[in-house]
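Below: one structure, written as structure tokens.
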Amino acid sequence: MQNLNVGLIGGGFMGKAHSLAYAAMPMFFWPAPALPVRKVIAEANPELAAEAARRFGFENSTSDWRSIIDDPDIHVVDIATPNHLHAEIAIAAAEAGKHIICEKPLARTGEESKAMYDAVKDKNIVHMVAFNYRRTPAVALAKKYIEEGAIGRILSFRGTYLQDWSADPNSPLSWRFQKSIAGSGALGDIATHVIDMARYLVGEFSAVNAVLSTWIPERPLQSGGADALGTVRGGEGPKGPVDVDDEVMTMIRFANGAVGSVEATRNAHGRNNYITFEIHGTEGSIVFNYERRDELQVAFASDQADRRGFRTVYTGPAHPYGEGLWPIPALGIGYGETKIIEAHDFFKAIAEGGSVSPSFADGYQVALIDDAIVESAAKESWVDVPQISA
């Protein structure tokens, strides 16, 4: 079992989640494929970097992310920064021969994502984009049922991701509301998770027809005191423009003939982290709700007439990733476990000299879908989704 030294760039919300995963992964999956060593963490502010190192268990801290790239003892570069920094860091890490895990979205645009993909595709390195919700055991179980043909040929997919943290017009103008940093709003921030799951479960998108809406066109300028999402109340004072979407709705045509839709917003009062999908096929249906993430609802046409309807499967040791989680079904998993599973699969690929999905290729394809959604909304028409070449 080898030790792999990790350099984490970004000490915020996602830095916390990734650090937890590195510490806990060997406790859940033992023997671990490799042992993540929390070597150094980078934050632009030296004091914040030092504090993050103490809090998240890193041996060292730095205010210069380039020192992580230049360090020959670092094996893994973890990018947990705002979106505008992803491409520069990832390309530098690839040129240095580091394995890379990058938070989603891969980048702000398809063009940036292509540059990242081009930087890694011919290198002998493992690269991953952190669409962690597909690591939820119930989602992986849905994939298993689909691959086994349990619901027949897929006809339709309906996915949503609804949050409410930006519904307050007085929440400040954090970077997530600025196109120059984020690239997009709800589209890149949360819809990408559902788009990734749609590709994972159903297949490639061939065309989209979308609407993008910005409900709150300006917000108070941020003056400190906000949390990782920028949510504080009482925004008196000057305001700045919001130039990203608050809500996205898109219809989908899949390459295999199925149809679908994705809706995402961060302005839905009462919806904290509401991720759902329904998949209907010729022989059955699958329903998932992340707020009940230990459960998968299934219905099969083959059931006798007096037993037809949805049944609930509680995930546990008999299901995907069950060997590393909890010994009794429905004991409950959280967001952290999806990150732990993600870390396990990433380090397993490194240890075995393999690859892992979702890779930068997947992140690039999602970015092309996002670009097509933006184009469709501007044109108010269907737009074909380009496919990356292998």
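Including glycine, each Cβ sits where the backbone N, Cα and C put it.
What Swiss-Prot annotates here:
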BINDING   Phe13, Met14, Glu43, Thr81, Asn83, His86, Glu103, Lys104, Ala130, Asn132, Trp175, Arg176, Tyr335  NADH binding site
BINDING   Lys104, Tyr133, Gln163, Arg176, Asp189, His193  levoglucosan binding site
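Projection of Swiss-Prot feature records onto the structure.
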{"residue": "Glu43", "record": "NADH binding site", "Cβ contacts under 8 Å, 6 or more apart": "Gly10, Gly11, Ala49, Ala52, Ser61, Ser63"}
{"residue": "Asn83", "record": "NADH binding site", "Cβ contacts under 8 Å, 6 or more apart": "Pro105, Ala107, Arg108, Ile181, Ala182, Gly183, Gly188"}
{"residue": "Glu103", "record": "NADH binding site", "Cβ contacts under 8 Å, 6 or more apart": "Gly10, Met14, Ile79, Ala80, Thr81, His86, Val129, Ala130"}
{"residue": "Lys104", "record": "levoglucosan binding site", "Cβ contacts under 8 Å, 6 or more apart": "Val129, Ala130, Phe131, Thr192, His193, Asp196, Gly363, Val366"}
{"residue": "Tyr133", "record": "levoglucosan binding site", "Cβ contacts under 8 Å, 6 or more apart": "Val139, His193, Asp196, Met197, Ile275, Tyr290, Thr338"}
{"residue": "Tyr335", "record": "NADH binding site", "Cβ contacts under 8 Å, 6 or more apart": "Ala17, Asn132"}
> At its widest, how many Å does the recorded NADH site span between Cα atoms of Phe13, Met14, Glu43, Thr81, Asn83, His86, Glu103, Lys104, Ala130, Asn132, Trp175, Arg176, Tyr335?
Replying inline: 24
> What is the number of other Cβ atoms found within 10 Å of the Cβ of Asp189 (levoglucosan binding site)?
Replying inline: 24
>> Quiz question: given the binding-site residues Trp175, Arg176, which has the greatest number of C-beta atoms lying within 10 angstroms of its own C-beta?
In response: Arg176
> Sequence gap of 6 or more, C-beta under 8 Å: which same-chain residues meet both conditions with respect to Gln163 (levoglucosan binding site)?
Replying inline: Ile190, Thr265, Arg266, Ala268, Arg271, Asn272, Asn273, Tyr274
> Which is it, of Phe13, Ala130, His193: the one of these binding-site residues whose Cβ has the most other Cβ atoms within 10 Å?
Replying inline: Ala130
>> Cα-Cα, whole number of Å: Arg176 (levoglucosan binding site) versus Phe13 (NADH binding site)?
In response: 13
